[in-house]
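Some notes on the structure that comes next.
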Amino acid sequence: MSRRAMVIKMPILMILISSMVMTMVESSRSVNNGHDDSEILRRHLLTNGLGVTPPMGWNSWNHFSCNIDEKMIKETADALVTTGLSKLGYNYVNIDDCWAEISRDSKGSLVPKKSTFPSGIKAVADYVHSKGLKLGIYSDAGYFTCSKTMPGSLGYEEHDAKTFAEWGIDYLKYDNCNSDGSKPTVRYPVMTRALMKSGRPIFHSLCEWGDMHPALWGSPVGNSWRTTNDIKDTWLSMISIADMNEVYAEHARPGGWNDPDMLEVGNGGMTKDEYIVHFSIWAISKAPLLLGCDIRNMTKETMEIVANKEVIAINQDPHGVQAKKVRMEGDLEVWAGPLSGYRVALLLLNRGPSRTSITALWEDIEIPANSIVEARDLWEHQTLKQKFVGNLTATVDSHACKLYVLKPVA
């Protein structure tokens, strides 16, 4: 494809996507007019003091599914500390589905499962907090959660929010299964208001799967919003989710982030290079970096990927701008996004079957044409000796990437 054809094609695609979803957004606005919109809007950006940068931590679902208990959660908290991951910013320990009994108690409260959480969630929260970490919990904007093994919070939003606050919960992943048929744009703000009244700042993660494009309405409602369906530990799943999430790049900002789902790094379904691509794209996309492997038993290879301080720094950059695709030529892609300090994050991605060279042009990544640029390779941990003018070209292996920070020096 010629560069002109490519440049024209991308805006047209964005226009088509935008026009497709605008009717849905207007509908959601009209639905919400019956609520106190000013109360919801107070949550916009930083009003709960959370999500200034994308959250980092761990979630139980990808590796353990429903096979969780308080011993494993405590051991995971221990591992975050002993591995040094907590010092890098991985501070959330998030319990996913299946933690509660199927029935509420006589007061209408959720009951931690006696067989797996005999000490209760508050005791687990106290332990996690004693390690300098934060505890996350899971619920659902329906009558039951997705596993159907425990109740959802539909109709109990205020009661459950107060319970979570009393337990010391710091993060709520709020799923979208088994509802009453009403739209997420109706059900999710109810929990938002309940959390605001709970007396405790709780990060609100909207797990709506992207069905009604929550990137377009999520910022007054939550601190992050899923833009896609669930990830699987395969190259095809990961890369297709990255594509879908990128469409909504302009909606990410401090206080509210696009969420392409938890990380699969370390679960064994991809190669090392593919996991590096996975972690790199999530980092430049300002996605939540929630580990989904068993961090108690991480390999050295996995640790080297998820503990890359330079890549994490891109994700946590205070500028808070999600990177976008700026050039696509067949299986070759150039992603770029601005960073603080007049720097640029640059990803060269080879989705194809063979090793090849990829070129990034300054005009595509909004660097002045005659600028002399220094390039830092974040996976090789070295600043390239060569200075670059006008473009940068690198040879990239199949299903692999190069990740740089570019800094104009003249």
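FYI, residue positions are counted from 1 along the chain as it appears here.
Backbone N, Cα and C atoms are what each Cβ position is placed from, and that goes for glycine too.
Note that the structure is predicted; figures quoted are calculated from it, not measured.
What Swiss-Prot annotates here:
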- Asp175: active site, nucleophile (ACT_SITE)
- Asp230: active site, proton donor (ACT_SITE)
- Asp96, Asp97, Lys173, Glu208, Trp209, Gly210, Asp211, Met212, Arg226, Asp230: substrate binding site (BINDING)
- Cys66-Cys98: disulfide bond (DISULFID)
- Cys146-Cys177: disulfide bond (DISULFID)
- Asn297: N-linked glycosylation site (CARBOHYD)
- Asn391: N-linked glycosylation site (CARBOHYD)
- 1-27: signal peptide (SIGNAL)
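The substrate-binding residues named in the record, Asp96, Asp97, Lys173, Glu208, Trp209, Gly210, Asp211, Met212, Arg226, Asp230, extend over a maximum Cα to Cα distance of 23 Å. Across the fold, the C-alpha of Cys98 (disulfide bond) and the C-alpha of Arg226 (substrate binding site) stand 20 Å from each other.
Checked against Arg226 (substrate binding site) by C-alpha proximity, the recorded positions Cys146, Asp175, Asn391 yield Asp175 as the nearest.
A Cα-Cα distance of 10 Å separates Cys177 (disulfide bond) from Trp209 (substrate binding site). Asn391 (N-linked glycosylation site) sits 45 Å from Asp96 (substrate binding site), taking the CA atoms of both as reference points. In this structure, Arg226 (substrate binding site) is part of a beta strand by DSSP. Secondary structure at Asn297 (N-linked glycosylation site), taken from DSSP and collapsed to helix, strand or coil, is helix. If you check the recorded positions Cys146, Trp209, Asp211, Asp230, Asn297 against Asp175 (active site, nucleophile), the ones with a Cα inside 10 Å of its Cα are Cys146, Trp209. Closest to the residue listed as 'active site, proton donor' in space, going by CA atoms and restricting to the recorded positions Cys66, Cys146, Trp209, Asn297, is Trp209. If you draw a 10 Å sphere around the CB of Cys66 (disulfide bond), it holds 14 other CB atoms from the protein chains shown.
Within 10 Å of its Cβ, the residue among the binding-site residues Lys173, Arg226 with the fewest other Cβ atoms is Lys173.
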